[in-house]
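Below is one structure; the comments refer to it alone.
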There are 2 protein chains.
Amino acid sequence: MDKKAVILLSGGLDSATVLALARSQGYECYALAVSYGQRHVAELAAAQRVADALGAARLQTMHVNLDAVGGSALTDRNIAVPETEAAAGGIPVTYVPARNTLFLSLALGWAEVLGAQDLFIGVNAVDYSGYPDCRPEFIRAFEALAQVATKAGVEGRGFRVHAPLLTMTKADIIREGVRLDVDYALTVSCYQADEQGRACGRCDSCRLRRAGFADAGVADPTPYR
Amino acid sequence: MDKKAVILLSGGLDSATVLALARSQGYECYALAVSYGQRHVAELAAAQRVADALGAARLQTMHVNLDAVGGSALTDRNIAVPETEAAAGGIPVTYVPARNTLFLSLALGWAEVLGAQDLFIGVNAVDYSGYPDCRPEFIRAFEALAQVATKAGVEGRGFRVHAPLLTMTKADIIREGVRLDVDYALTVSCYQADEQGRACGRCDSCRLRRAGFADAGVADPTPYR
C-alpha cells in the first residue's frame, strides 16, 4: 500500500499543485481543509473539487472560529482586503496570526491518528515573502517541534514537513502543475471570490496568479466575475 | 497598565492555578478555553466560573472539531476512558494527538492580535509523564517556533511560553493554589464529569486529583456524583 501523507489543501492554485506532486510521488493523500472564518468560503468548495479530481483518498474539513479573534483582513470584516501592491518588506494585512502554525498542528494531529509521517504544505517564500510562516526557518522549526510534541515522534516515528513550492516562482508552480495535469479552472485563489468561486481580478492574490499564468506562457483559466 | 498574557484555561485544577499565578505576577489575563469535542463539556462551564472568580480580563472560547479526527479516549466515543492505573512508561489512551501544539497555536495567534508576548500553559511533567507534549523539551521547541512563525517574532517582539507547573507535584500545585485563594470547588478535572460538573471519582484524572488533596493535607472540595 502507498505511504500515507496529509496534505493541507486550501482550494487555491498552490495547494492543488502540492497535492498533485504528492500523488506523483506515490503517497496515499489525506487532504485537510481548514475553515477558519475566511471570507472566501468558495475555497472550501474548490478544495472538494480538487481533492476529487486529483485522487485524494479523503478530504477532511476542520472548523476553527478564528473570526472570533480577528487581526487579519482574511478573518475580520472590518479590515479591507488590499487592492494595491503590498508594501515592499512589510507584512500584508492578509497575514493571519499564527495561521500556518495552526494548520500544521491540525495536520500533525490527524497524521498521528492515521499513522502518516509526511505532511505537505504549499507555502512559498518567493511570492509571499512578507509572511513569516512561509519561510524555510518556520518549516524547520515546526518539524523540530513535531518530533518532541507527539507520541509517534517520541517512539521514533518522526515527521517530515514537505514544502515543495518553497523556492518556486508562481510561473514555476503553474508549469509543474500543467505537467501533472492539474486543472487550475477548479481552483480559487481570490481573497474575495464570490459564492460561485469567481475571482475579483484585483486583489494581491489575483494579481500574483494572473501574472504567474502570463509568465508561464499558459492560458489563464480563472473565471473572473 | 498591566502586561497582557494569554492563559490556556481548561476549567481544571492545574490551569486555574496557572491563572492565579499569572494574576499574582501582575499580568492582565486573557483566558483561552478550547472546545474540541471532548466529553467533559462541563469543563467549559468551569472555565467561565474560574475566569470570573480569578479576575481574567476576558474568556475566549475557541471551537475545533477534533472529534472528526478522533484517536483519543477524549475525542472518540468508541475509546473508553480508563479507570485503571496508566501503564508505567506508556502513553495513555487519553493522549490527544498534537493537542498542546494546537492549543499553543491558538494562544499564539490570539496573543499576536492582543499584542501580548506571554503565554501560560498548565502542563505538568510529573503526573502526566506519559504525555509527550507535557515535557520541557516540547515547551522550548514551541517557544523557538513562535519566534519564527509570527510577525511579532520577526519584528523582535518575541514570545515566552510559561509552564509554571512543569516540575510540581499535584500536592505542590494545590498548596500553591490555596496560598493564592483559588476555590477548587469551581474546577472540574474528571474525564467523564456529568453535566453538573460532578466527578466520577474513578478515572485517572480523578485519582490524581484526590491523591493530590490528600498529600497536600487539604480537604477535597470536589463534588462527586
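For all residues, glycine too, the Cβ spot is worked out from N, Cα and C.
Annotated ATP binding site per TrEMBL: A:Leu9, A:Ser10, A:Gly11, A:Gly12, A:Leu13, A:Asp14, A:Ser15, A:Ala16, A:Thr17, A:Val18, A:Leu19, in sequence order. Counted within 10 Å of its Cβ, the other Cβ atoms near A:Leu19 (ATP binding site) come to 29, all protein chains included.
In the three-state DSSP assignment, the secondary structure recorded for A:Cys206 (Zn(2+) binding site) is helix. Taking Cβ-Cβ distances under 8 Å and a sequence gap of 6 or more within the same chain, the neighbours of A:Cys206 (Zn(2+) binding site) are A:Ser189, A:Cys190, A:Tyr191, A:Ala199, A:Cys200, A:Thr222. The Zn(2+) binding site annotation in TrEMBL covers A:Cys190, A:Cys200, A:Cys203, A:Cys206.
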Zn(2+) site, defined by A:Cys190, A:Cys200, A:Cys203, A:Cys206: further same-chain residues with Cβ within 8 Å of the Cβ centre:
A:Val81, A:Ser189, A:Tyr191, A:Gln192, A:Ala193, A:Ala199, A:Gly201, A:Arg202, A:Asp204, A:Ser205, A:Arg207
Alpha-carbon distance [A:Cys203 (Zn(2+) binding site); A:Ser15 (ATP binding site)] in Å:
19
Where A:Thr17 (ATP binding site) and A:Cys203 (Zn(2+) binding site) are concerned, what is their Cα separation in Å, rounded?
21
Enumerate same-chain residues with a sequence separation of six or more from A:Gly11 (ATP binding site) and a Cβ-Cβ distance below 8 A; give 'none' if the list is empty.
A:Ala33, A:Ala42, A:Glu43, A:Leu44, A:Ala45, A:Ala46, A:Ala47, A:Gln48, A:Arg49, A:Val50, A:Thr187, A:Val188
I'd like to know which of the binding-site residues A:Leu9, A:Leu13, A:Cys190, A:Cys200, A:Cys203 has the most other Cβ atoms within 10 Å of its Cβ.
A:Leu9
